[in-house]
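According to TrEMBL, the protein has these features:
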- ASP16, GLU18, ASP212: Mg(2+) binding site (BINDING)
- SER153, SER154, LYS187: substrate binding site (BINDING)
Amino acid sequence: MVVVSVPAEVTVILLDIEGTTTPIAFVKDTLFPYIKENVKEYLQTHWDEEECQQDVSLLRKQAEEDAHLDGAVPIPVASGNAGDDLQQMIQAVVDNVYWQMSHDRKTTALKQLQGHMWKAAFTAGRMKAEFFADVVPAVRRWREAGMKVYIYSSGSVEAQKLLFGHSTEGDILELIDGHFDTKIGHKVESESYRKIADSIGCSTSNILFLTDVTLEASAAEEADVHVAVVVRPGNAGLTDDEKTYYNLITSFSELYLPST
């Protein structure tokens, strides 16, 4: 087994989710298809609730900003003919969500609706988050060794907490010291990692970032963050240069903490 030694100065382990703690297949084959299959029913059920109306308003505003884009779907406002009007609006929201997802958009409006839908599904027990088998035991070991463990994902903090709070391993939120999403900055920008270090109250050199995306690893390195690239089933392949340059692990158990 390959062993990667964690530098002695590291006190914080920062984790990506998709492809690192959680199989990409769970995200692609469970989370996102759930949105497509259930968005219309969800809107019809929750339409009159304030949270849902806020989601629709945000999506409508985003649609207005996207009006110049090819294939963008507008969302009309109510005009008075209650029954037909409502169904037309709901269908417009559904079509807009489909269009955004087909283009892999990561707009706040789309992520907010998705987060609320997943929250309803997780809390109702309709789905549970999946983690690779090595993840939870390793995080427990790190915590026992005095490490802090944080999450940094493009998924919203709310969505992250749903995953860790409703998993096949039970509620493991207590193992995580904090969460970051793209509100602090994009994951391919080195400044994001400096902001995370400031927020935690440590130096960037005190952080080890685990991710499956080399562009993210490169950005973190530019900020003097230590990195290891995680190689999991279903992840994108690496070039020969990337395989040579980065510390690679296929399991969290391959990380060796000098203090343990």
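Glycine is no exception: its Cβ is also placed from the backbone N, Cα and C atoms.
Residues ASP16, ILE17, GLU18, TYR152, GLY155, ASP181, THR182, HIS186, GLU216 surround the recorded substrate site, their Cβ atoms falling within 8 Å of the Cβ centroid of SER153, SER154, LYS187, which are themselves excluded. Nearest to SER153 (substrate binding site) in space, judged by Cα atoms and limited to the binding-site residues ASP16, GLU18, ASP212, is ASP16.
Residues SER153, SER154, LYS187 are the ones the record ties to substrate, and the longest Cα gap between any two of them is 8 Å. Cβ neighbour count for GLU18 (Mg(2+) binding site): 22 (other Cβ atoms within 10 Å of its Cβ, all protein chains included). Spatially close to SER154 (substrate binding site) yet at least six residues away along the chain are LYS106, ASP181, THR182, LYS187, judged by Cβ distances under 8 angstroms. Cβ neighbours of ASP16 (Mg(2+) binding site) (same chain, under 8 Å, six or more residues apart in sequence): ILE151, TYR152, SER153, LYS187, PHE209, LEU210, THR211, ASP212, VAL213, GLU216, VAL230.
Surrounding the centroid of the Cβ atoms of ASP16, GLU18, ASP212, where the record places Mg(2+), the chain contributes additional residues within 8 Å, namely ILE17, GLY19, THR20, THR21, THR22, ILE24, SER153, THR211, VAL213, VAL230, ASN235.
If you draw a 10 Å sphere around the CB of LYS187 (substrate binding site), it holds 22 other CB atoms from the protein chains shown.
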